[in-house]
Structure formats: C-alpha cells, structure tokens
Amino acid sequence: MGEGNVEETVALADSDSVPVGSEKEQPLNSVHGAPKWSPFDWFRMLAEELHWSFVYGVVAVYGISQGLGGSIWRVGSDYYWKDVQQVQPSAAQFYQGITSIPWMIKPIWGLLTDVVPVAGYRRRPYFILSGILGVISMLTLSLHSKLHVAFALLAMICFMAGAAISDVTIDALGAQNSITHPTLAPDVQSLMGLSSSIGSLIGFSISGLLVHAIGSQGVLGLLSIPAILVLSVGLLLKEDASPSCSVKQVFDNFREATMTMWETLKLPQVWRPCFYMFLSLALSLNIQEGMFYWYTDTSKGLSFSEGSVGLIFAIGSVGSLLGVILYQNILKDYPFRGLLFWSQLLLSLSGMLDLVLVLRLNLKLGMPNYFFAVIDEGVSQLVNRLKWMPILVLSAKLCPPGIEGTFFALVMSIENVGLLTSSWGGGLLLHVLRVTRSEFSNLWAAILIRNLMRLVPLLFLFLVPKSDHNSTILPAEMLEQNNVLEPNMMPLQRDDIEMASLAEERASNLPEEIERNEDDSELVSLVGNT
C-alpha cells in the first residue's frame, strides 16, 4: 500500500520462456492448443489442480486485501491525515513514509515463513497473524475519535506489517505451486496479476464515494473486512504439517541465508545496479501529499470532491495497466540501460503536466481542470510503470540460486528504502517551501525541483548493465550452484518450502504484475508507494 508496497502486486506471465532444448509445455487449460477463454473453466481448473484454498488465498490477498483494500487505503489514509489528524502536507508525507517500513524488512518475513514453522505449519499461522494485525489496527483507527498521532502511526505500521507478511506468504505458496505444477506457473502468476488489477480498479472507483458517505475513519474500519478474509485463508488453507526442527537448525538456516545474501550483494554485477535503482527512486522526490491537499482545498485549490479524487486514481491505475501491456508486447526485448534512460527522461517530462495544472495553463488551452488532472494521473502512472517494469526484471536477475525468493525480497527492500527517502525528501521540500494546508503559492517550485531532480539519475546509468532480459548477469559459477541452503534445510524439506523460483518466475513470466506502496508505494509506497 503506497509505493512501498508498490512492488509487490505485480505478477507477470510469459509462457514463451522455456529451458533451452526442451519443448514448450502445453498449458493444462487448453484443448488441442486452443485456450479455454471461459474464466469459469480456468478458475475451476486451477482449483482442481492446485486446490481451491490456494485460489481463494490468491484472490483474498492479491485481489481483495492488496488490490481492493490497498486502493481504498490510499484514499482513506490521505483523508485521515488531512481531516482527522489535521496535519500539514509535509507531516503527512513523512508519516506515509514511516508506514512503509514493514515492506523494507520483507526478507525477514520471507525467512520466517521459510524456516520457522509455528505449531507444525509454515504458512497458515502467518496468514492468521497477518489478519489479526489488520483487524485490530483498523478497528483502532476507526473507533477511536481522538487517537494521538503516535498511536495512529503505530496502528498503520501494524496494518502494513500484516499486509507485508501475507504478501510474502502467498508469494511463497505461488512459488511452491510453480515448482510442483510447472505447466501452471504462468497461470499462477496471471491469477495474481488479474486479481490485483481488478481489485485496484474497483477499489479506486468506490474509495472516494465511501469517504464521502462514511468518512475516512469509517473507510479505514471497513478495511478490517479484507483482513478477516486473510485470516480465514490461514484457517482454510490446505497445508501438510512440517517436521519439527531444533532452535539450532533455525539459527543455522538464518545464518547460512544471511551469508549467501551478503556474498552476493558484494558482487559488482549486483551492487552497482542496486545502487542505481536506489538513486533513481530516492531522487524522484515524492510530493504527492502536497498535490492531494491542493486537489481538495476549497479556497486556493481545485476543490475536488472525494468521488472525483477516487476516480482520478482509478483512471491512473488504468494507465499503469497500459504500461504493463506496452512493456510486455513492445519494449521487453530492449536493453535495460536504454529502457531506463528513456523512462527516466519521460518521467521528468511527464511531471511537467503537474506544473501546467498548478499554474492553470491548461485553462488557457481550453481544458478543464478535472479533465486535465485525469490525463495527468493516467500519463504519470503509465510512465512510472514503464520505468518500474525493467527494474523488476533486473532485480529478479540479480538473485542467486537457492534463495531467489528471499534475495528478491532483499532487493525490493533496498528499493523501498529509496521510496522512503523519496517520501521524506519530498516532505522536507514541502516544509522548506512553506506548502501548508492552506498555502500553495510555492507548490509550483516544488514540482519544478522534483522534475529536475528526476534527471540526476541519468548521470549514473553506467551502473546498469547493457544486457537485456535474455542475458545472465550473475557469474556462471554462481548460477551453477543449486539449493544453496540444502544441507541445513533438509529437516524442513527445503525443496518443498523455499521461495526458490519466485524471482525467476517474475523475470521470465512477465504479463501484468501491478506495490506496493509504495508508494508506498509502496508501497509500494506503494508504497507508496511510493
């Protein structure tokens, strides 16, 4: 949620990626090479092959919790900071960054779900924990009318922690099913991406109307419903009990995984692109809260209603989906460096649309404010997605064999730190320029500085390899290693429980992975954003 959790809802499928020398496997949901286009047949096939509880888990986590709930969260939390806590835009920007911290420690959640069974189970208890955190935190925000800022922030962090835990756990199940049912790997990734996309579109479409009808606190209280569904996944999921393991084995597993990740991170082929990805995100200052306050201000802003704001974000999510389609069908075979150059340049140029809107230059062109704001958001999300897609693929290619899932989470965490830096840097910029709840005279300067800062990462493009998604980046000797943690993980049946192919699947199966939070944005950022 937010750009920080931005990462995270993207699930891409490209069934053309097969090992060299092997025939392309025929998907199970086709007859004589002709795919079944009925979604009901497709869902039934997945439920029969992978068990209905897994399909339910994907829909609950990706579709309802992250997709629907994440979009409602973005709008509801913005109005909560503005109307209930009545903080300044710079403070809201700072707080939104803090709430993305649980997404930065995703490797810890990944290691826990992989190597620390609870009551004999490795997945079910973590879904239950995630649901409990979500229900308690959202009901606290909803029912307490005068909650102190610090406790409100703590509740939001707990909510984000629950979201990050369920995200890692369902990803682990997806990777496990991709290993045991290789012909269904693209279908698994497509199910995740489809659920997230549909959920986001519905969520953004109704989020503003819900805020108008029951207020931001009421909307946050409704988010306890997706959390209950996540909790129910833990109760209904079909999972075999895991063999018990000693505390010493658990510590050995953690130590071995940590050492492998550190050795990999020290390689120039790995840390150089990681550093660039951090810079490209951190230097793109996030001033979203300043824009949101200006959108909704009734005296000096655009005076957009809650429903109008939700619709703007909904159309923006369509732009993001178009970015995925454009990348998948046209741009994915181009070298990383060229893609990142043009996407970073377009990101700076598209940011000038905000400047046109704030200076009301669109009115001189005969374009109403709301119509131009919709275009602005759609273009912005499309360009952001074009930038994010090659970063995702590049991140996946940096993962060593045996701990792909955990290392992918580590790389995503580095990028989430970049999103946090962007959020806090944007908040500081708004504070220095005295952009407040009712004063926006310097908002144009913040937009201009942000757009100029987006050009700085172009100076560091030499850190990115010139190769494309078909090339290998890690040394050959490292790629030849398999199941790095196998000796220590034998008591836990590592080949069944590790997130071994999560990152590789997301690199080779690329159709429609839509954070978070990120924004955080992101969640990521969203987280996010973020």
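Cβ atoms here come from the backbone N, Cα and C positions, even for glycine.
As recorded in TrEMBL, the features of this protein are as follows:
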- 1-29: region 'Disordered' (REGION)
- 126-143: transmembrane segment (TRANSMEM)
- 149-170: transmembrane segment (TRANSMEM)
- 191-213: transmembrane segment (TRANSMEM)
- 219-237: transmembrane segment (TRANSMEM)
- 274-295: transmembrane segment (TRANSMEM)
- 307-327: transmembrane segment (TRANSMEM)
- 339-361: transmembrane segment (TRANSMEM)
- 508-530: region 'Disordered' (REGION)
Give the nonlocal contacts of the transmembrane segment (339-361) in its own chain as ranges (CB under 8 Å, at least six residues past its ends). 276, 280, 284, 291, 294, 331, 369, 372-373, 375-376, 379-380, 383-384, 386-387, 390-391, 440, 443-444, 447-448, 450-452, 454-455, 457-458, 461, 464
So which of 149-170, 191-213, 219-237, 274-295, 307-327 has the most C-beta pairs under 8 Å when paired with the transmembrane segment (126-143)? 219-237
Sequence-remote partners of the transmembrane segment (149-170) [C-beta within less than 8 Å, at least six residues beyond its ends]: 1, 4-5, 8, 57-58, 61-62, 65-66, 70, 73, 77, 80, 85, 87, 95, 98-103, 105-106, 109-110, 113, 123, 126-127, 129-134, 136-138, 140-141, 192, 223, 227, 230, 233, 409, 499, 516
In the same chain, who gets a Cβ under 8 Å from the transmembrane segment (274-295) while lying at least 6 residues past its ends? 3, 78, 81-82, 89-90, 92-93, 96, 265, 301-302, 304, 309, 312, 340, 344, 347, 354, 358, 373, 387, 391, 394-395, 398, 411, 414-415, 417-419, 421-423, 425-427, 429-430, 435, 437, 440, 443, 446-447, 449-450, 453-454, 456-457, 460-461, 463-464, 519, 525, 528-530
